[in-house]
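Database features (Swiss-Prot):
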type     : residues    : note
DISULFID : CYS3-CYS20  : disulfide bond
DISULFID : CYS10-CYS22 : disulfide bond
DISULFID : CYS16-CYS28 : disulfide bond
Amino acid sequence: RICPRILMECSSDSDCLAECICLEQGFCG
């Protein structure tokens, strides 16, 4: 999957860019 390496806080996958998913730590990855 394509995920820009930008540190973004999230509460769900929809908060993240491209194909990033929301990881357990509360950040996109």
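Note: Cβ is positioned from N, Cα and C throughout, glycine not excepted.
In three-state terms derived from DSSP, CYS10 (disulfide bond) belongs to neither a helical nor a strand segment and is classed as coil. In the three-state DSSP reading, CYS22 (disulfide bond) counts as strand.
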